[in-house]
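Student: Quick paste from TrEMBL:
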type	residues	note
DOMAIN	B:4-171	domain 'FeoB-type G'
BINDING	B:11-18, B:36-40, B:58-61, B:122-125	GTP binding site
BINDING	B:22	Mg(2+) 1 binding site
BINDING	B:23, B:25, B:26	Mg(2+) 2 binding site
TRANSMEM	B:279-297	transmembrane segment
TRANSMEM	B:335-359	transmembrane segment
TRANSMEM	B:413-439	transmembrane segment
TRANSMEM	B:451-472	transmembrane segment
TRANSMEM	B:510-529	transmembrane segment
TRANSMEM	B:592-616	transmembrane segment
TRANSMEM	B:636-656	transmembrane segment
TRANSMEM	B:677-698	transmembrane segment
């Protein structure tokens with residue numbers, strides 16, 4: 001299912017498909033947020049914002065607003 | 001003289017770069033600032049095998065060479081400038097074995113600058129625990145470098161690293177990636193325009209966001225034939241470059257690194273489940289804060305009382321031992337009490353820095369940022385504002401510098417503007433001494449009134465900071481893109497050596513920095529208080545003796561009267577009385593007025609100033625506190641420091657902008673006089689009004 005990272009639920013994982021929005025900071029890409037990489041939502045603060053992610057082993061937190069620019073494809077739960 | 005080589009330590013934040021620096025240099029290090037900016041510059045000396053000496057610079061942590069902050073800018077500025085006296089003969093890139101992939105991005109960028117580069121893989125002690133194994137030979141070959149696998153925690157591999165550094169001439173300077181492949185035509189043009197330049201270097205200059213290298217960039221832009229890239233185009237290319245770098249890194253790690261996840265034990269997940277929890281997370285954060293404050297006041301009161309008494313004795317001893325004269329009195333009435341005013345709060349500063357260092361080192365601070373972001377955003381701040389607001393309780397200067405990693409300019413500006421409201425350690429001695437004077441010692445619910453007052457003052461400080469942030473957020477019309485990326489590092493047990501070195505170094509720079517000002521002010525104050533113009537001062541003896549001739553005063557009382565008459569007509573007395581009308585409605589006398597005026601150099605001067613003023617012409621051996629308690633209100637009679645004037649004074653100090661160094665930093669960080677001047681005027685006016693109301697209501 002194609003959606004944005006902002007819609008991921010805690011514990012779910014997905015594959016990043018597109019990060020071409022020019023509002024996504026370069027720093028985020030440099031930390032590994034690139035198409036093809038797997039992302040897991042580790043934890044959310046109240047109101048699901050910010051979001052604590054594990055992108056290919058890189059642990060970082062971003063705001064929901066940024067997450068909504070990152071397109072993903074959810075991985076079905078085994 | 002033996003040969004000295006320049007070594008630059010480079011790496012992502014949280015890779016233990018500073019531990020490597022400490023391991024290499026030990027106590028052989030000094031911390032200063034880069035000229036013109038307030039970025040910390042750490043350097044040290046390390047002895048290498050075969051008599052080579054290495055001059056090691058610990059560069060600020062950065063995720064890549066695409067700078068997004070002043071700190072990161074320092075790194076590129078040095079690496080692009082071959083003429084810099086610190087330009088490295090060899091770069092040492094420090095990485096964390098658990099985040100090797102991401103950490104290698106920076107490594108490939110440095111390699112592409114064609115600087116000899118060694119790769120340090122730190123935290124090797126975690127490999128077994130995480131199920132990681134590395135094929136070092138393969139990686140050395142693939143990345144075209146020398147690798148040192150080390151563990152600063154276990155102190156392993158450091159000698160090998162030294163050996164590798166001393167062989168710096170044998171390290172390859174071949175780049176990892178051909179950047180030009182991301183847009184062949186563009187780079188072809190670039191090459192034709194600047195045939196003698198390294199293309200990757202040009203590319204970095206062109207793409208930097210920060211002000212750096214404006215002249216260089218303009219020069220490049222001036223060459224018309226390839227001024228064809230818009231900002232968006234450049235960004236797309238940078239994306240392409242990043243993807244390319246990761247492809248290279250993935251290829252290398254596919255064979256060079258194996259991770260057996262079944263072996264991995266993850267403490268992080270368990271800890272994060274509690275520490276970033278919606279309820280427990282906040283609760284634990286609250287408890288940690290409470291513990292810190294409680295600890296600071298309880299633990300440091302013993303050494304503080306000891307220091308206070310020590311300086312009183314020292315002053316007394318000097319007075320008795322040395323022949324009396326101007327020098328002795330300068331020493332015993334000016335310098336020693338003045339210095340006592342600063343030394344006394346070393347214990348508290350040290351404790352505060354200790355806690356902050358532990359929170360930072362352990363990785364917990366990032367969790368606080370995560371927890372607080374949403375709440376802070378309501379007030380126009382960022383989760384990252386929590387770190388400045390907490391470290392503002394030590395000192396506003398490093399706190400304001402710590403705002404640099406806040407990405408949004410508006411959030412950053414608001415943080416800078418409100419941070420001085422947090423109760424910095426310089427306010428502490430003022431609070432402590434006044435609380436001791438005017439707040440009774442009783443207890444309520446097992447908590448002392450005095451401790452509660454102090455706690456309340458901290459809450460007032462935070463509350464005002466948050467509230468003014470809210471107001472500023474509504475007033476300021478700045479549109480800036482907000483983005484927020486925080487690395488959540490692994491939890492680590494803080495390294496004892498790192499924590500101790502941080503505490504020593506911060507306390508030292510605080511004491512010496514403030515100490516210089518305090519010493520100078522003490523001497524000036526002593527002079528101004530010991531000399532005066534005209535009849536009234538110079539003939540004080542005569543005047544008083546005539547005035548009180550009819551009364552039968554004891555010799556002691558007479559001397560006392562003469563001394564205070566002299567002080568009143570000394571230079572300082574004249575100045576003080578000139579400003580007295582302005583501060584009398586707040587319940588202060590001219591001596592406090594002088595202390596407030598001199599506090600504008602730095603708040604902590606307050607106690608030292610009062611100590612100096614009260615000790616001039618006062619022969620009693622006494623601590624600062626006893627002297628203050630003995631002061632009489634010239635207008636109302638009774639003690640000068642009453643509940644009303646004490647509260648008024650504390651509120652004044654809570655709100656007033658009385659720190660020139662903070663103003664200077666704000667000017668530097670905001671690059672404008674507008675903000676510091678606004679801070680000075682608004683905060684001080686607010687302080688005056690609140691103090692006025694408090695005194696008039698309570699008196």
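Every residue number used here counts from 1 along the chain in the order it is shown.
Every residue, even glycine, has its Cβ placed from backbone N, Cα and C.
All annotation found in TrEMBL is predicted automatically rather than curated by experts.
Quick one: where do these features end up spatially?
Tutor: In the three-state DSSP assignment, the secondary structure recorded for residue B:123 (GTP binding site) is coil. In sequence order, B:16, B:96, B:97, B:98, B:151, B:152, B:153 are the residues near residue B:123 (GTP binding site), counting only same-chain partners six or more apart with C-beta under 8 A.
DSSP assigns residue B:22 (Mg(2+) 1 binding site) to a helical segment in the three-state reduction. Annotation for residue B:22 (Mg(2+) 1 binding site): same-chain Cβ neighbours under 8 Å, separated by at least 6 residues, are B:29, B:152, B:497, B:498, B:501.
Long-range C-beta contacts of residue B:23 (Mg(2+) 2 binding site), restricted to its own chain and to partners at least six residues apart, with a cutoff below 8 Å, comprise B:152, B:155, B:158.
Through the fold, the transmembrane segment (B:279-297) approaches residues 348, 351-352, 355, 359, 364, 367-368, 371, 451, 454-455, 458 of its own chain, all at least 6 residues removed from its boundaries and within a Cβ separation under 8 Å.
Outside the transmembrane segment (B:335-359), and at least 6 residues removed from its termini, the chain residues within Cβ reach (under 8 Å) are 288, 292, 295-296, 299-300, 303-304, 307-308, 310-312, 314-315, 318, 365, 368, 390-391, 393-394, 425, 428-429, 494, 498-499, 502-503, 506-507, 510-511, 514-515, 518-519, 521-523, 525-526, 604-609, 611-612, 615, 624.
Within its own chain, the transmembrane segment (B:451-472) is flanked in space by residues 293-294, 297, 378-381, 385, 389, 392-393, 414-415, 417-419, 421-423, 427, 431-432, 435, 439, 444, 650-651, 654-655, which lie at least six positions past its ends and keep a Cβ under 8 Å from the stretch.
For the transmembrane segment (B:510-529), same-chain residues at least 6 beyond its ends with a Cβ under 8 Å from one of its own Cβ atoms are 329-330, 333-335, 337-339, 341-343, 346, 349, 395, 425-426, 567, 570-573, 575, 594, 598, 601-602, 604-605, 608-609, 612-613, 616, 661.
Long-range contacts of the transmembrane segment (B:592-616) within the same chain: residues 315, 329, 332-334, 337-342, 344-345, 424-427, 429-430, 433, 514, 517-518, 521-522, 525-526, 529-530, 563, 567, 572, 575-576, 579-580, 582-583, 624, 627-628, 631, 640, 649, 652-653, 658-661, each at least 6 residues beyond the stretch ends and with a Cβ under 8 Å from a Cβ of the stretch.
Residues 421, 423, 427, 430-431, 434-435, 437-439, 457, 460-461, 464, 586-589, 592, 596, 599, 603, 606, 628-629, 683-684, 686-688, 690-692, 694-695, 698-699 of the same chain lie 6+ residues outside the transmembrane segment (B:636-656) yet bring a C-beta within less than 8 angstroms of a C-beta in it.
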Student: Tell me the coarse DSSP state (helix, strand, coil) of residue B:17 (GTP binding site).
Tutor: helix
Student: Using a Cβ-Cβ cut-off of under 8 Å, list the residues of the same chain that are 6+ residues beyond the ends of the transmembrane segment (B:677-698) and lie near it.
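Tutor: Sequence-remote neighbours of the transmembrane segment (B:677-698) are 417, 420-421, 585-587, 643-645, 647-649, 651-658, 663, 666.
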Student: Say you check the Cα of residue B:25 (Mg(2+) 2 binding site) against those of the binding-site residues B:11, B:14, B:17, B:40, B:60; which is nearest?
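Tutor: With Cα distances computed to residue B:25 (Mg(2+) 2 binding site), the winner among B:11, B:14, B:17, B:40, B:60 is B:17.
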Student: Determine the minimum-neighbour residue: among B:11, B:26, B:60, listed as binding-site residues, which Cβ has the fewest other Cβ atoms within 10 angstroms?
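Tutor: So among B:11, B:26, B:60, the binding-site residues given, the one with the fewest Cβ atoms within 10 Å is B:26.
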Student: Residue B:14 (GTP binding site) has how many other Cβ neighbours within 10 Å of its own Cβ?
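Tutor: Neighbour count, Cβ to Cβ under the 10 Å cut-off: 20.
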Student: Distance between residue B:17 (GTP binding site) and residue B:26 (Mg(2+) 2 binding site) at the Cα atoms, whole Å?
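Tutor: Distance between the two Cα atoms comes out at 14 Å.
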Student: Beyond the listed site residues B:23, B:25, B:26, identify every same-chain residue whose Cβ lies within 8 Å of the center of their Cβ atoms for the Mg(2+) 2 site.
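Tutor: Going along the sequence, the neighbours appear as B:21, B:22, B:24, B:27, B:28, B:29, B:44, B:46.
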